[in-house]
Amino acid sequence: MTVQVTGIVLAGGKSTRMNFNKALLPCGPVTMLEKIVDELRKSCTQVIIVAGKNEYDFRDCLVIPDIYPDGGPLGGIYAGLRASRTEYNFCMACDMPRFKGELVKILALRAPGYQVVVPQVRGCYEPLLALYHQSCLSVIEEVLKAGQRKITAIYPYLKVNAVTHEEIAEKLGESEYFLNINTPEDWESYRGSSF
Ligand SMILES: Nc1nc2c(ncn2[C@@H]2O[C@H](COP(=O)(O)OP(=O)(O)OP(=O)(O)O)[C@@H](O)[C@H]2O)c(=O)[nH]1
């Protein structure tokens, strides 16, 4: 990997649709959050969990609260970047059980010269599975202060490198690394396939 990367997991959501904290859903013997942190450790120098008001007890991880209450995932990215010591940071949701740490290395190779490196799956950005440079902070702050919560609202102001799913799959193999779980139905379907 050409650049050092901090892994930032956003785990401060309300999990309203699941009606149970998604980070704590069991994936085999561990929770979904533990599974993700283990994968991030394969590629990242440090892992930060932005917990919002939730409480997590993780050794070897920095667990921090949000800075913007009700800032949503964009606010979580902001808090994570503020706490990080590396220029590039891989920010992701806590509800993506098929995530592979190798993805961070694939995106990091494409980072030099860009502020955001984001997978594009079937033409759509995956903004909660992307690299963000520290220099995004001022734009994120402006967008949050303007009351916007959509992560992609920051993209028009930044140098964004979109990496297609096909390019990623060439290196990672065909996997649903971008799958995210929101509802009990999503969870049942995921469990019905495999961990
Ligand atoms: N730190 C932080 N993370 C958040 C916040 N809101 C959402 N997230 C995280 O961002 C990711 C995507 O969140 P969503 O699935 O859109 O929202 P959610 O609140 O978790 O779930 P719903 O209430 O069902 O919409 C998840 O990993 C959440 O834990 C927030 O305000 N702060």
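Glycine is treated like the rest: Cβ placed from N, Cα and C.
Features of the protein shown, as given by TrEMBL:
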{"type": "DOMAIN", "residues": "7-153", "note": "domain 'MobA-like NTP transferase'"}
{"type": "BINDING", "residues": "L10, A11, G12, K22, D66, D95", "note": "GTP binding site"}
{"type": "BINDING", "residues": "D95", "note": "Mg(2+) binding site"}
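Once Cβ contacts within 10 Å are tallied over all protein chains shown, the binding-site residues D66, D95 are led by D95.
Across the range of the domain 'MobA-like NTP transferase' (7-153), the DSSP-based residue counts are 47 helix, 35 strand, 65 coil. Of all Cβ atoms in the shown protein chains, 26 besides its own fall within 10 Å of the Cβ of K22 (GTP binding site). Note on A11 (GTP binding site): other Cβ atoms within 10 Å of its Cβ, all shown chains, come to 27. Long-range Cβ proximity for G12 (GTP binding site), meaning a same-chain Cβ under 8 A and a gap of 6 or more residues, is found for V50, A51, G52, K53, N54, P65, D66, G76. Around the Cβ of L10 (GTP binding site), the number of neighbouring Cβ atoms within 10 Å comes to 26.
Across the domain 'MobA-like NTP transferase' (7-153), mean pLDDT in this model comes to 96.
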